Structures are given as structure tokens and as C-alpha cells.
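Per TrEMBL, these features apply:
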BINDING   Thr117, Asp170, Asp198, Ala199  S-adenosyl-L-methionine binding site
COMPBIAS  141-150  compositional bias 'Polar residues'
REGION    141-161  region 'Disordered'
Amino acid sequence: MAASMNLSVHRLAVLSQRTVISTFLNVSCRSGCRWRTSPGRCFSEGVEDRSTHFGFETVSEAEKAKRVYKVFENVAQKYDVMNDAMSLGIHRLWKDILLHAMHPQPGARLLDVAGGTGDIAFRFLDYVRYQRERQRLRAAQSSRTRSWQDGSDDDVTEDEPRASTAVVCDINLEMLKVGKQKADSMGISSGLSWVVGDAEELPFFDDQFDIYTIAFGIRNVTRIDQALQEALRVLKPGGRFMCLEFSKVTNPVLASLYDAYSFQVIPVLGEVIAGDWKSYQYLVESIRKFPDQEEFKNMIEDVGFCRVQYSNLSAGVVALHSGFKL
């Protein structure tokens, strides 16, 4: 009886927190957005709290979730600056490569998970806007050609594709606040929504999105297999999963240099720029605990994705994994 009451209280607390946070961020569905939210599936209820890793430290799963939340709460304000400093700006190129590999078309619906500061969503909206302008230009040129050939002055109008939408979903309120501030400063609002949600219990109904992305976030998820199952669930049939994440360097010499830079320089940068050595020490350690390219590929396939493949970027410093829901 006590256990049942505890579960009920837990469920009510989770749903109440989501309602309060969503209201605060003004992330309710805007006009033109056709995705639907749901309370999510409560995998965590009644599940034994197992041990896992937090960097190189062994902790309970509940403890890891709390600590990861605190890490990103602490670094949110300096997150983008630190990304530039740690990667010497190369993270921008990696994200551009992701978008070109995605090649989204007008009308596509994106879910960007762990996307708090909005980098992927902003690129997505820019990309589909450019594709739409190209399509309009080609349609206008084709119309003029046909009119000249048949001697007609009639304009040929083509149906406009539905508006593209991007939903940024992140469990961390502070990260979302930074992302929304960036969007406001850039004048980006149309087709963009912000939702507080857990990658392991996404607050969306099944078969909602054309593309699911998660960039440099999945290694911080407590139960990666559960997050992958949720990605499969919310994608439409034919939808695409894309993950950009730090991986295993393939060149031994570069691997040694990369390790030295990671452990000796990045935490120092974290202390100097963000005033937080420990958070960046964890982020470095979390990269070493994440599965290598082949192991992660197998994990994606195990939950049901098809045509799974990956590409190494910067000699394996980062890997881009992709799979489809059929």
C-alpha cells in the first residue's frame, strides 16, 4: 500500500513539475505546430535503482540523474562559450555536417532532444527555409519556361508544403532558458517550440516526428537503451534517428594527444571560463565511458532501427550515427 502511494505521489510530482515548467517557459503549442504532447511513459516507476557510472565514479542511477542535472544547471550560462573554447570552434562544423547529412525538406518535423541551447534546431530551420526558397525559385523558373513555350501568360501556382517545425526538448530548465533567450535575440520564433522532457520518458505521443536528433547529449542519459526506445517510438514510420556524439579516436598518436588535452586542458578551461572544474572533469570522463562506434551502432540496431550506419568526424573524436524506423 505504501509503495503504491509513493508511486502515485511520484507520478503526480513529475506531471505537476512539467506543467509548471512548461507554463514558465511559455512552451505551449503555438499556432502552426501540429505535434501533440502526452504525459510520457513512466518507465522509472517500480524499477530497481541500479548502479551506473558518473564519469569514472560508480553511483546509483538516481544519483547520476541528479548529478547530471546539476552539471548542466551549473554550466548553462557558459555552455556555448565553453563549446567554442574546448573544440576551437570545430563543434560548429560537426553540427553543420549533421544538417547536411540530414538534408531536411520543407514540411519536416524535427525533435531535438537534449538540445537546450538550440544549435541544431536553429540550423534545421535555416536549412529548410533555404530549401523552400530554392523550391520556389525553381517553380517560378519552370512556370516562366512553360508560359513561354505555350504562349500563355498564366502563372502556375503550386501547393505550398506545410510549415516545418522544430521542437527542442531538454530535461534541464536552465539550458532551455538559455536557448530560448538566444532564439529571442535572433528573432527566431516561427515553427520553434521548447519543451521540458526526459529523453527516457518523452512527453509525446507515438509516430509524431520525421527526424529525431540528439547532439552531445546521449552519453549523459542514465539508461541509453531506454532513450533509444523512446526515439523509435516518437518517430513516424520512415523517420530518421541521428546522433552526434564524442566517440573513440581511431589514430593512436592522435588519441594520446587528445587524452592529454582532454584531461589537462579542458577542466582548466572550465575553471577559468565557467568557474567550474568538476563539471568539465565529469564531461571528459563521460566521453571515455561512452560505448565505441560499433558498440553504439549495435545498441541502436537492438531497439529496432534499420539501416544503421556511422561516420567518423575528426578521426573519431566525434561520430555521427544514423538509423531509420521502418
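Each Cβ is built from the backbone N, Cα and C atoms, and glycine gets one as well.
Counting Cβ atoms from all protein chains shown, Asp170 (S-adenosyl-L-methionine binding site) has 27 others lying within 10 Å of its own Cβ. All protein chains included, Thr117 (S-adenosyl-L-methionine binding site) registers 22 other Cβ atoms within 10 Å of its own Cβ.
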